[in-house]
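What follows is a single structure, written as structure tokens, with notes after it.
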Amino acid sequence: MRIDQSIINEIKDKTDILDLVSEYVKLEKRGRNYIGLCPFHDEKTPSFTVSEDKQICHCFGCKKGGNVFQFTQEIKDISFVEAVKELGDRVNVAVDIEATQSNSNVQIASDDLQMIEMHELIQEFYYYALTKTVEGEQALTYLQERGFTDALIKERGIGFAPDSSHFCHDFLQKKGYDIELAYEAGLLSRNEENFSYYDRFRNRIMFPLKNAQGRIVGYSGRTYTGQEPKYLNSPETPIFQKRKLLYNLDKARKSIRKLDEIVLLEGFMDVIKSDTAGLKNVVATMGTQLSDEHITFIRKLTSNITLMFDGDFAGSEATLKTGQHLLQQGLNVFVIQLPSGMDPDEYIGKYGNDAFTTFVKNDKKSFAHYKVSILKDEIAHNDLSYERYLKELSHDISLMKSSILQQKAINDVAPFFNVSPEQLANEIQFNQAPANYYPEDEYGGYDEYGGYIEPEPIGMAQFDNLSRQEKAERAFLKHLMRDKDTFLNYYESVDKDNFTNQHFKYVFEVLHDFYAENDQYNISDAVQYVNSNELRETLISLEQYNLNDEPYENEIDDYVNVINEKGQETIESLNHKLREATRIGDVELQKYYLQQIVAKNKERM
């Protein structure tokens, strides 16, 4: 069974693609459209465009895009039915997936999806064990003494893994899951001598780890009895890879986009407490350095990142190393320096939520200011270090994209070197990126002053160097897209096999399917009828193609005649052959081609 088209239309009409895409991509208005870094492939120059008017999106680079359903399918790697259900939930329109899929050949879930399902099922069991069983009472008390309310425990899905070697094993086995797959998912361990399986997590408080889409892909089990290690995380699996996961990104994404800033903490416990205190744009890595994949995710949401690591030597070293790397990646980097020996959880516990949020708001420095304040003693007493760090800081400031923030950093840093802001600014000139540094490519770029160059309209590169026949096919399709009556009048006038451009041929077929179910053409609806990025790009290209609104007298008939010339030798090609015969001096061929041209001209009269 198919989902009722009226339900699909209602969900699409209630879902604004700009709002949807903005949850995943930082967008900037460029002319009539919005542009940002593509969420589907890694890039440094924005090539992902959203049209609010047409309710479609498209990437110049990887060619992915479409309407709200296709974007959701791609970004979450789910089926069309699942995308409709997800967006339906978003706009409070009910979609019964079970009824939709009944009596149909539903594909068996992939291994990755089954792994996620296992994690989400056992989470419910862990939560029950924590909140409803005698065995979980000690763990629950431990959490409550550390400020975890019942509401927070439920919100975060925190649970308890009993001290049993087969609690999770038996549960998943009863549910019909493959035990070896549960091992590959990281929920079970294996005895390599007899290949028996047992629970990986035992007698631990269980914190679910979610991916960017909010699906549970792993766990961190915390001891509450002093056993080692303090935290036991899921191993690397097909669905849980530390270099790709930022804890709390699924919850923080909207706030990151709204505030245009992401705050990076050291651990997920700090994130939970900071979020509860009111700091909603916080994330953390899972005990690893910030990876290139992490930076790619961050850059698509914001260009401003604030580091708030623990107030100890290790935290300071990590801040310097991470901040330097982020600055090199073109991000605006800020630092919040916690009091010595404190982490966010301890600060909140000592001073309270309000004091913490006020501190975060008022004690934020540029990375350059933080760095020079850490190095100030060495700068003051070591002349060799003075010169070295002056060059380093000059280079750091030169990497800052905002001239306003750059000037602020100059004013903050100059006193540490006993130089005027003007002298420091002069030093920075030697480290400034050249004017032509800014990248430019086929997707748009920057001029010599760093000003943005508008890319071509979506898909227009497809229309370069078209033949005469292809130009006729393009114009013909454009008129058919504008009016259903025009389509019905001319559909049988053209044999689809006469199209020389295969993409245009497929569009012709798509229009037939589309108008069979719709009375008025709409690009946002039409893209649902295609299943390839190339064809989707062709549809979008045609949508952007400028042509007179009303056809001139006999204009469409002329296009039909040109299209139907395929299979027949055209006068244009005969003239070409005549010229070649003349060049080589073949009189017989010249006579033959002249006769053919005369005959063709008579047919057209």
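From the backbone N, Cα and C atoms, a Cβ is placed for every residue, glycine too.
Annotated features in Swiss-Prot:
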{"type": "BINDING", "residues": "Glu266, Asp310", "note": "Mg(2+) 1 binding site"}
{"type": "BINDING", "residues": "Asp310, Asp312", "note": "Mg(2+) 2 binding site"}
{"type": "DOMAIN", "residues": "260-341", "note": "domain 'Toprim'"}
{"type": "ZN_FING", "residues": "38-62", "note": "zinc finger"}
(request) Based on Cβ atoms within 10 Å, give me the single least packed residue among the binding-site residues Glu266, Asp310, Asp312. (result) Asp312
(request) Sort Asp310 (Mg(2+) 1 binding site) into helix, strand or coil using the DSSP assignment. (result) coil
(request) Mind tallying the domain 'Toprim' (260-341) by DSSP state, helix then strand then coil? (result) 36 helix, 17 strand, 29 coil
(message) Give the mean pLDDT for the zinc finger (38-62) on the 0 to 100 scale.
(response) 88
(request) Go ahead and report the DSSP secondary structure tallies for the zinc finger (38-62): helix first, then strand, then coil. (result) 0 helix, 8 strand, 17 coil
(request) Measuring Cα to Cα, tell me the gap between Asp312 (Mg(2+) 2 binding site) and Glu266 (Mg(2+) 1 binding site) in whole angstrom. (result) 12
